[in-house]
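Straight from TrEMBL, the features:
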DOMAIN    30-438  domain 'Amino acid transporter transmembrane'
TRANSMEM  59-81  transmembrane segment
TRANSMEM  102-134  transmembrane segment
TRANSMEM  154-171  transmembrane segment
TRANSMEM  183-203  transmembrane segment
TRANSMEM  223-242  transmembrane segment
TRANSMEM  263-283  transmembrane segment
TRANSMEM  303-327  transmembrane segment
TRANSMEM  356-376  transmembrane segment
TRANSMEM  382-401  transmembrane segment
TRANSMEM  413-435  transmembrane segment
Amino acid sequence: MGPPEPLLHDPFPEIRREHDAGAAFVLESKGEWWHAGFHLTTAIVGPTVLTLPYAFRGLGWVLGFICLTVMGLVTFYSYYLMSLVLDHCEKSGRRHIRFRELAADVLGSGWMFYFVILIQTAVNTGISIGAVLLAGECLQIMYSELSPHGPLKLYHFIAMVTVVMIFLSQFPSFHSLRHINLASLFLSLGYTFLVVGACIRAGTSKNAPPKDYSLEASHLSQLFSAFTSISIIAAIFGNGILPEIQATLAPPATGKMLKGLMLCYSVILVTFYSASVSGYWAFGNKANSNILKSLMPDEGPSLAPTWVLGLAIVFILLQLFAIGLVYSQVAYEIMEKKSADANKAVFSPRNLIPRIILRTLYMTLCGFFAAMLPFFGDINGVVGAIGFIPLDFVLPMLLYNMTFKPKKSSITFWINTSIMVVFSCAGLLGSFSSIRKLVLDANKFKLFSSDIVD
């Protein structure tokens, strides 16, 4: 049996990879299932875990536990469905290594291809900028402890982080980050355990703040806080690059992603629940959006040993470099596809020089926007609410229903449809809450400020 005939209308020629340098270099398929687990863990388990006590603050104990558990189950199910769709396409002779080409192939719509590029690029670039900004803040915190009245500003530290990221960005492929992402996994466990221990110590110390778990007095404020918290938890579980991570697996990839997901969610189970419970227990409705700031109040003594907080900040700083690298891979793949020559060696001058120039420009732009917009967290909240919902809660269900065509009377069809509807509505409300916070904080915004808007 000969090869399948080419489509009469082929708006997605990049699915043919004979000369696709993005596929050959950036998304090379050499990994094992545990490597995919390392990549997934870095993409999901980051310093945002330290915002979970704040998310509980807007929901309370019961709703907080329910939302965290439901979001975990739904995202695991969603990612598993997407891996099944990718496995099915691979068995049919169409292995997809990019989210955009998978969506375009299954849904058969030209605009869907560009919709996924737009959303995925916005989310990934936003996270890369956020990683640089937060890494700069980590350096600033350490510097302010050592030299409280020193002359260096936040943008100086962001410039330092950017220089390091430029060097690290020269790792040629996603697969080449596997050892960095293994280290990232241990770093996430490390700072989570340090913060959990610090919260337990703070909650039992004589300087512990009074524990108050009541919600806001106004019903309207409660509603806005609840949807903001839901959107925070949804964004923490999101990643939006699962097809690209599965692309790093050596063929055949069938079944391997489930093992990677199990590894990732084992780490999630340990870190997410311990951080949210200990932080909310210790600080209640006074929990800061970054629990480290609750442990280091502006007034009064620190509620945890300095060495514990310092070590946690170092671990967070190091992991932020890994996160920035992981979420830059889609941009690098797009650039490499256009700029590199797949027929030349990956480190040949023909490919090395454009790679150095383009990746340096990309990271420089990320650093520039991080320095210019220290209130980028508020902007990223809107981008995350709008971006992660379609990528992680809608498209996987839709792709599964379109690929496997479960009967409309089946429970699978209705579960998938319900998740799409419920999370689309939650995403819209979360976006509205994030935009509301953006407007309320607008008077604090100042370009190239040395203070990050909380």
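For all residues, glycine too, the Cβ spot is worked out from N, Cα and C.
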Cβ contacts under 8 Å made by the transmembrane segment (102-134) with residues that lie 6+ beyond its boundaries: 11-12, 15, 47, 85-86, 89, 94, 96, 158, 161-162, 165, 238, 240-241, 243, 316, 320-321, 323-324, 327-328, 330-331, 334, 363, 366-367, 369-370, 373-374, 376-377, 379-380, 383-384, 386-388, 390-391, 395, 398-399, 402-403, 452
Chain residues outside the transmembrane segment (223-242) and at least six past its termini with a C-beta under 8 angstroms from it: 40, 43-44, 48-49, 51-52, 54-59, 63-64, 67-68, 71-72, 75, 79, 82-83, 99, 119-120, 123-124, 215-216, 257, 268, 272, 326-327, 329-330, 381, 384-385, 387-389, 391-393, 423, 426-427, 429-434, 436-437
Among the ranges 59-81, 154-171, 303-327, 413-435, the one whose Cβ pairs under 8 Å to the transmembrane segment (183-203) are most numerous: 303-327
Winner by Cβ pairs under 8 Å against the transmembrane segment (413-435), considering only 59-81, 154-171, 303-327: 59-81
Within-chain partners of the transmembrane segment (154-171) [C-beta distance under 8 Å, separation at least 6 from its ends]: 132-133, 135-137, 139-140, 143, 177, 180, 320-321, 324-325, 328, 332, 355-356, 359-360, 362-364, 366-367, 370-371, 374, 448-452
Cβ contacts under 8 Å made by the transmembrane segment (59-81) with residues that lie 6+ beyond its boundaries: 52, 213, 215, 225-226, 229-230, 233-234, 237-238, 242, 257-258, 261, 265, 268-269, 272-273, 276, 280, 392-393, 396-397, 399-400, 416, 419, 423
